[in-house]
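To start, the structure itself, in structure tokens.
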Amino acid sequence: MKLVVVGVNHKTAPIALREKLAFASDDMPTALAQLSGITAASVIVSTCNRTEIYALAKEPNHISPNNQTSNQANQVNRINDAWLTQTLNAIYQWLADYKGISLTSLSPYLYSHKNTQAMTHWIRVSAGLDSMILGEPQILGQIKQAVSQSLELGYVSSAFGWLADQVFWAAKNVRHNTQVGSQAVTLGFAAAKLAMQIFHDVSKCTLLVVAAGEMNRLVASHIAGLGVQRIIICNRSVDNAKLLADELASIAPHCQIDAQPLTALANGLAQADIVSSCSGSMHTLIDLSMTQQALKIRRHRPILMVDLAVPRDIDERVSLLDDIYLYSVDDLQHVIAGNLEQRRQAAVDAEMLVSQLVLDIERRLSVRRVGSDIHTYRQMAEQHAQTLLKQALIQLKQSNTTAEDVLTDFSQRLTQTLTHAPSKLMRHMAEQGDDQLLNDVVRTLKTAYRPPSS
């Protein structure tokens, strides 16, 4: 299938490096355009916990997949594998160059997969089996969005799109048929648990939500469910902040909810007991000075800050201040415990199911690939038959030929056409010693051309 994946995640790279490798939405057109020079199709997935490039390698010009014996096919497979390795190396170098990091420094943190292993990895990631919080559902939507963006920009081929659809089908299958997604173990749950540990009475707290994206929607929903007194939503688009406010109002109807522009962030911080930030900005939004001023106004009442963004929204020096409890996405991994054990047990079943689903997809891919070849073969056969038929019709119009002679000649030519290529192929297989394949072909042809019973 010539599928490759290159990436880093929360298990292979620290947050400081993941920040450097993150791609903003505005980066995608340029990045994908550059990748198109070394891949046939590509998608960049960039989340808090991972940056991954999924791609199809270009076809090597010197490889012809048609009319190959098994020995030739083995040689082609070796060439293809070497070509995939070259493609991976090209992606490594591109990523390092694009992000201004030396490849020597970056390489120890990178992982890569090819073909079956790449497909397995893609399904595992999409199903939440590779997430910091095992079984979390958000990653599937994030990958779908990445594929959709690449498709809109013209960097997803029909072959890649088909593979993506199969991955999404498999990921949903895993979540539906195992318990890996059961129990409340998400970033939102982790943030809510922290709030309950730090504050004696959450119902008297004010929550500040910085950015109205999907991740903050989930966190705010969990914390709103605890019965906080007030929620302030600061977002670049006030209209989007109002949409989130309306959604949260249905969860916490007695909570005061305000939608404000991002310029009101400093004022909102001074009022907040709990902060959840996940903006997708490439720059710090809450710095040390802003936090010090907020604490002064609050008379040093404590603030719980949950920074879900990569790159981080909150200056890490803020954690050194008294009365500040700052948690990054990496820190949250140490908060979540209880319900994970059940998911770990379910993950064993999920991994077995993934292996089965990968085999199913590979079989479908083989059928899809040979289906195209069969269609082409049938078209060529039909064109040749039409040529022979036209010649026969011309002969019938000639006065010196009989219908019997014309039909006999037509039959002989058609038989020669149908048997020439298979006969040549069987002789070649015999010369190459492909006895098993030769026997299969002979048996199939004998069955196909068995005389009809009278």
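Heads up, the Cβ atoms here are built off N, Cα and C, so glycines get one too.
Automatic, uncurated: that is what TrEMBL annotation is.
Some features that TrEMBL has for this protein:
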BINDING   THR47, CYS48, ASN49, ARG50, SER131, GLU136, PRO137, GLN138, GLN142  substrate binding site
BINDING   ALA211, ALA212, GLY213, GLU214, MET215, ASN216  NADP(+) binding site
DOMAIN    6-178  domain 'Glutamyl-tRNA reductase N-terminal'
DOMAIN    193-335  domain 'Quinate/shikimate 5-dehydrogenase/glutamyl-tRNA reductase'
DOMAIN    350-445  domain 'Tetrapyrrole biosynthesis glutamyl-tRNA reductase dimerisation'
SITE      HIS121  site 'Important for activity'
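Locations of recorded TrEMBL features on the structure.
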residue: THR47; record: substrate binding site; Cβ neighbours (10 Å): 22
residue: HIS121; record: site 'Important for activity'; Cβ neighbours (10 Å): 22
residue: SER131; record: substrate binding site; Cβ neighbours (10 Å): 22
residue: PRO137; record: substrate binding site; Cβ neighbours (10 Å): 15
residue: ALA211; record: NADP(+) binding site; Cβ neighbours (10 Å): 27
residue: ALA212; record: NADP(+) binding site; Cβ neighbours (10 Å): 25
residue: GLY213; record: NADP(+) binding site; Cβ neighbours (10 Å): 17
residue: GLU214; record: NADP(+) binding site; Cβ neighbours (10 Å): 13
residue: MET215; record: NADP(+) binding site; Cβ neighbours (10 Å): 23
residue: ASN216; record: NADP(+) binding site; Cβ neighbours (10 Å): 25
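Taking each Cβ in turn and tallying the other Cβ atoms within 10 Å, the top scorer among the binding-site residues ASN49, GLN142 is ASN49. Apart from THR47, CYS48, ASN49, ARG50, SER131, GLU136, PRO137, GLN138, GLN142, the substrate site neighbourhood in this chain, defined by C-beta within 8 angstroms of the site C-beta centre, holds GLY128, MET132, ILE139. Taking the Cα atom of each, ASN49 (substrate binding site) and ASN216 (NADP(+) binding site) are about 15 angstrom apart. For the binding site of substrate, formed by THR47, CYS48, ASN49, ARG50, SER131, GLU136, PRO137, GLN138, GLN142 according to the record, the largest Cα to Cα distance is 15 Å, rounded to a whole number. The NADP(+) site is defined by ALA211, ALA212, GLY213, GLU214, MET215, ASN216, and by the 8 Å test on Cβ atoms against their centroid, the other residues of the chain that qualify are VAL209, ARG217, LEU244, CYS278, SER279. Residues belonging to the domain 'Tetrapyrrole biosynthesis glutamyl-tRNA reductase dimerisation' (350-445) score a mean pLDDT of 85 in the model. According to DSSP, GLN142 (substrate binding site) sits within a helical segment.
In this structure the C-alpha atoms belonging to MET215 (NADP(+) binding site) and GLN142 (substrate binding site) are separated by 10 Å. Of all the recorded positions in the record (THR47, HIS121, SER131), the one with the smallest CA separation from ALA212 (NADP(+) binding site) is THR47.
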